[in-house]
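Visitor: Sharing a structure here in structure tokens format.
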Amino acid sequence: MAAPDSTTSRSGLGKDFNPGAILAFVCMGQFMVFTDVSIVNLALPSIQDGLDMSDVSLNYIVTAYATVLGGFLLLGGRLADTFGRRRMIQIGFTIFALASLASGLAQSGTMLIVSRGFQGWGASMVTPAALAILTNTFKEGPERNKALGLWGSLSGIASIVGVILGGVLADGPGWEWIFWINVPIGLGAALLAPRILPESKAEQRGQFDTFGAATLTGGLLLLIFTLGEATNVGWGSARTIGSLAGVAALLTAFLVIESRVASPMMPLRFFRLKTMRVANLSAVLVFGTFSALFFFASLFMQDVYGYSPLKAGFAYVPLAVSVAVGAGIASGMVTKMAARPVVIMGLGLTVAGLLLMYRAPAGGSYAVDLLAPFILLGLGCGMVFVTLQIAAFVGVSPQEAGVGAGLINTSQEAGGALGLAVVATIAYNNIAAELAATKGNPHLITKAYEAANHDAFLSAAVLGFVALLVVTFLMPRGQQSMNTVPATEAPEQAPAPAQAQAEAPAAAVLATEAEH
């Protein structure tokens, strides 16, 4: 570690803080947040029966969490930089745990949906603050890349574990326990945080950008909500068009505000960093692809293959193992080469896996028709998630780590909502008419769901291919590894001599690629 520094935990953890314990703690937080994105998927039928919910309202159980999480991530990152990252983690875990308790106690669909929204609000404070602490704890180069590799792999693994755990709990003690399991973990984490995590914040705080925070958060909330609603009300409806116009107005106002205020919530210079820019755009497309995959693969196994929630959950185990293997492969590769070839290989495996899912027939077998694509998809997921997570921090100063973390996580959540909305619109375009035409014939009903799911897998493959094109033609072709290049973007103010001396040896990730 570098010499002590008053601003960042990276350069001065102190004798009471252990980097390994910090890494384990923040990864646990990330794991819990992403597990709850998917944990409800296999439990939805049980929740629907228990709370007497309609098919339309059932969708909001998933989208309420993702919408609020995605909408508040950037604000959560800025609050962490301003008021303290450890403090925001404690507040976030407490809100998350209490909202989880309320979700399990819900006596109506409305109460559950509102509680899920509060879960997302708490999670939006935990994720950017935890990632900022991680990037400030480990210096740039191999040390940080290994930590970010573990963090990035957990995003994919947790999403799959969430599906498995949801199936086990829904078939076992009941759907309420998919929420109650968070309560002791969240409250325990809030209490343990001061013992494990150092406090850190931006040294030059400036005035809080209230109007920027309001316009950006409002625009993101409206965008993610509109994307989810478009599947139900139609993309061409007046409601969807009006909402998208509102999104455009709010985000335009945000850009104008950020270009004029002294201490912007989102410094626009971030977007001059090419690798970071492409990493965030790719994250939108990649998370859209995998969000659609996990949603429709769960339905495919239950509606077409007739799996129970428990069996469908365990069917994901090879995929989860493959994600871990892919993440390990990527973590080793990024120490020897640039981001671009690693992401290209991962996306190639992803597209191949989705095309195999598209060909999986009704009445097929797991070993023949699902196992191979699941392995390919897991390897691709692990390789892509890890590498994009590392690339997204190119040129980001320690003082603005919270904003950088908020940006990449916002790209992931917004991409997940966008991808699922687009793919679901395509897959379900004719499903109502097709189901009506079956006249209750079980074989024809299965064929209708098979066709809808195949359309979903093909659409997700196209989305993944677009991501592959973006990375191939837009991501810099630098030959150096992620461990060897110096930073190219200076901070807004020159660091103090002691800090500059501490920062100088740190290799800045992908720096020759960062600014072109």
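The backbone N, Cα and C atoms fix where each Cβ goes, and this holds for glycine too.
From TrEMBL, here are the annotated features:
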type: DOMAIN; residues: 22-479; note: domain 'Major facilitator superfamily (MFS) profile'
type: REGION; residues: 484-516; note: region 'Disordered'
type: TRANSMEM; residues: 21-44; note: transmembrane segment
type: TRANSMEM; residues: 56-76; note: transmembrane segment
type: TRANSMEM; residues: 88-106; note: transmembrane segment
type: TRANSMEM; residues: 118-138; note: transmembrane segment
type: TRANSMEM; residues: 150-171; note: transmembrane segment
type: TRANSMEM; residues: 177-196; note: transmembrane segment
type: TRANSMEM; residues: 208-228; note: transmembrane segment
type: TRANSMEM; residues: 240-257; note: transmembrane segment
type: TRANSMEM; residues: 341-358; note: transmembrane segment
type: TRANSMEM; residues: 370-396; note: transmembrane segment
type: TRANSMEM; residues: 417-436; note: transmembrane segment
type: TRANSMEM; residues: 456-475; note: transmembrane segment
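Looking at the shown structure, can you explain where the listed features end up?
Guide: For the domain 'Major facilitator superfamily (MFS) profile' (22-479), the mean pLDDT of the prediction comes to 85.
Long-range contacts of the transmembrane segment (21-44) within the same chain, counting only residues at least 6 positions beyond its ends with a Cβ under 8 Å from a Cβ of the stretch, are 9, 13, 58, 61-62, 65-66, 69, 89, 93, 96, 100, 119, 123, 126-127, 130-131, 133-134, 137-138, 147, 150-151, 154-155, 157-163, 165-167, 169-170, 175, 178, 182, 185-186, 189, 192-193, 196-198, 294-295, 298, 302, 309, 312-313, 416.
Within its own chain, the transmembrane segment (56-76) is flanked in space by residues 33, 36-37, 40-41, 44, 47-48, 88, 92, 109, 112-114, 116-121, 123-129, 213, 216-217, 220-221, 224-225, 228, 231-232, 265-266, 295, 402-403, 406-407, 409-410, 413-414, 416-417, which lie at least six positions past its ends and keep a Cβ under 8 Å from the stretch.
Within the same chain, residues 8-10, 13, 19, 22-23, 25-26, 29-30, 33, 36, 64-77, 79-81, 85-86, 88-89, 91-100, 102-103, 144, 146-148, 151, 182, 186, 197-198, 200, 393, 396, 398, 401-406, 408-409 sit at least 6 positions outside the transmembrane segment (118-138) and bring their C-beta atoms closer than 8 Å to a C-beta of that stretch.
Beyond its flanks by at least six residues, the transmembrane segment (150-171) meets 23, 26-27, 30-43, 45-46, 131, 134, 177-178, 181, 290, 294, 298, 308-314, 316-317, 319-320, 323-324, 326-328, 331, 378, 381-382, 385-390, 412 of its own chain at Cβ-Cβ distances under 8 Å.
Away from its own ends, the transmembrane segment (208-228) comes close to residues 59-60, 63, 66-68, 70-75, 78, 82, 240, 243-244, 246-247, 250-251, 253-254, 257-258, 261, 263-266, 410, 413-414, 417-418, 420-421 of its chain (Cβ-Cβ under 8 Å, at least six residues beyond either end).
For the transmembrane segment (341-358), same-chain residues at least 6 beyond its ends with a Cβ under 8 Å from one of its own Cβ atoms are 282, 286, 289-290, 293, 297, 300, 326, 330, 333-334, 369-370, 372-377, 379-384, 387-388, 391, 454, 457-458, 460-461, 464-465, 467-468, 471-472, 475.
Long-range Cβ contacts of the transmembrane segment (370-396) within its own chain (Cβ-Cβ under 8 Å, at least 6 residues beyond either end) map to 135, 144-145, 148-149, 151-153, 155-157, 160, 270, 273, 275-276, 278-280, 282-283, 286, 290, 293, 301, 315-316, 318-331, 333-334, 339, 342-343, 345-354, 356-357, 360, 364, 403-404, 407-408, 411, 475, 482, 487-489, 508-511, 513-515.
For the transmembrane segment (456-475), same-chain residues at least 6 beyond its ends with a Cβ under 8 Å from one of its own Cβ atoms are 275, 278-279, 281-282, 285-286, 288-289, 292-293, 296, 300, 339-340, 343-344, 347-348, 350-351, 354-355, 357-358, 391, 419, 422-424, 426-427, 513.
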Visitor: Could you give the residue numbers and ranges of same-chain residues that sit at least 6 residues beyond the transmembrane segment (177-196) on either side and whose C-beta is under 8 angstroms from one of its C-beta atoms?
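Guide: Contacts of the transmembrane segment (177-196) (Cβ under 8 Å, skipping residues fewer than 6 from its ends): 17-18, 21-22, 25, 28-29, 32, 36, 39-40, 43, 86, 89-91, 93-94, 96-97, 100-101, 103-104, 115, 119, 122, 165-166, 169-170.
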